[in-house]
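So that you can see what the record holds, here are the features copied from Swiss-Prot:
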type: ACT_SITE; residues: LYS200; note: active site, proton donor
type: BINDING; residues: TYR8, VAL11, ARG38, SER73, SER74, THR100, LYS102, GLY284; note: NADPH binding site
type: BINDING; residues: TYR8, ASN10, VAL11, ARG38, ARG39, SER73, THR100, LYS102, GLY182, GLU185, GLY284; note: NADP(+) binding site
type: BINDING; residues: VAL11, SER73, GLY284; note: NAD(+) binding site
type: BINDING; residues: VAL129, THR133; note: Na(+) binding site
type: BINDING; residues: GLU185, ASP196; note: L-homoserine binding site
Amino acid sequence: MKLLLFGYGNVGKAFRKLLHEKRSPELNDVIIGGIVTRRGIMLQDKEDFTPDLEGDVFKAFEKIKPDIIVDVSSANYNNGEPSLSLYKEAIKDGVNIITTNKAPLALAFNEIFSLARSKGVKIGFQGTVMSGTPSINLYRVLPGSRVIKIRGILNGTTNFILTLMNKGVSFEEALKEAQRRGYAEEDPTLDINGFDAAAKITILANFMIGNSVTIKDVKFEGINRDLPKNEKIKLIAYADEKEVWVKPLPISQDDPLYNVDGVENALEITTDIQSILIRGPGAGPVNAAYGALSDLILLKRDCL
């Protein structure tokens, strides 16, 4: 079974490493047929990227003819490209997809999955929400239950900043510390303004509740220096059948999300049967890569 790896940054390199290290029986026949980045196309599987051909991901798709696309490329929230068009082309050819790229799903979840169902194509996307912590794949093992609402802390950067602010650190100093530790980007806008969490709750709302929403339908607020100082604040993402939103809210000590601190993420899923809480690391290249690898194994087991 041949993979086309789209993207070879930290997540792509971590995925390749895990694929070689975690040789479960399901992975014995899996090979990386090629890797494509902005620099070109490598038609082999090796640690150091050296392009063999010029060209983009569409040329790589045509040349390599993969069985599965693994998309670990960076997100383009303007229009989801080139991943969105790549997914459509892959689905039409019956090629399965594994992705850690939130943008196409946040912009066109139902369009993508409707097309995939019509062609019998499987899509694994655990790495888009909470990385390797099985938020998406937890839902796959809840057959027969109906999700009524979901709420959670879905952005590790803002949760780390809010944890420090709760200890009396200023917003500016907390952000600097997050950047120093590598939790926040040099430009942290998409984390700080709530957009990243909004993209994730969009994916969850469509997948778990059956909503028909895009990131453009979600109301979101971020965090700033003006948040109340005398209460513990968390950036909460919420969805039910009627609304999807993200905003900072005070949280009480008896709330299951109260002690979710640092870069940890958590998701509370309320069904018509029970309420389930899952928590764990929500970021980091190895965690995201493991999310993709777990999807690959589940795909091989015919469990996606």
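Cβ from N, Cα, C; glycine included.
Taking the features listed in Swiss-Prot, we show where each one sits on the structure.
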{"residue": "VAL11", "record": "NADPH binding site", "CB count, 10 Å": "25"}
{"residue": "ARG38", "record": "NADPH binding site", "CB count, 10 Å": "10"}
{"residue": "THR100", "record": "NADPH binding site", "CB count, 10 Å": "27"}
{"residue": "LYS102", "record": "NADPH binding site", "CB count, 10 Å": "22"}
{"residue": "VAL129", "record": "Na(+) binding site", "CB count, 10 Å": "28"}
{"residue": "GLY182", "record": "NADP(+) binding site", "CB count, 10 Å": "9"}
{"residue": "GLU185", "record": "L-homoserine binding site", "CB count, 10 Å": "13"}
{"residue": "ASP196", "record": "L-homoserine binding site", "CB count, 10 Å": "28"}
{"residue": "LYS200", "record": "active site, proton donor", "CB count, 10 Å": "26"}
{"residue": "GLY284", "record": "NADPH binding site", "CB count, 10 Å": "18"}
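DSSP assigns THR133 (Na(+) binding site) to coil in the three-state reduction, placing it in neither a helix nor a strand. Cα spacing between the residue listed as 'active site, proton donor' and VAL129 (Na(+) binding site): 6 Å, rounded to the nearest whole number.
Neighbour counts of Cβ atoms within 10 Å were compared across the binding-site residues SER73, SER74, THR133; the minimum falls on SER74. In this structure the residues listed as binding NADPH are TYR8, VAL11, ARG38, SER73, SER74, THR100, LYS102, GLY284; their two most distant Cα atoms lie 22 Å apart. In this structure the C-alpha atoms belonging to GLU185 (L-homoserine binding site) and GLY284 (NADPH binding site) are separated by 12 Å. Comparing C-alpha positions, LYS102 (NADPH binding site) sits nearest to ASP196 among the binding-site residues THR133, GLY182, ASP196. When Cβ atoms from all protein chains are considered, those within 10 Å of TYR8 (NADPH binding site) total 21, not counting its own. DSSP gives VAL11 (NADPH binding site) a helix state. In sequence order, the binding-site residues near THR100 (NADPH binding site) (Cα within 10 Å of its Cα) are VAL129, drawn from ARG39, VAL129, THR133, GLY182, ASP196. If you take the Cα of ASP196 (L-homoserine binding site) and the Cα of GLY182 (NADP(+) binding site), they are about 16 angstrom apart, rounded to a whole number.
Counting in whole angstrom, ARG38 (NADPH binding site) lies 29 from THR133 (Na(+) binding site) by their C-alpha atoms.
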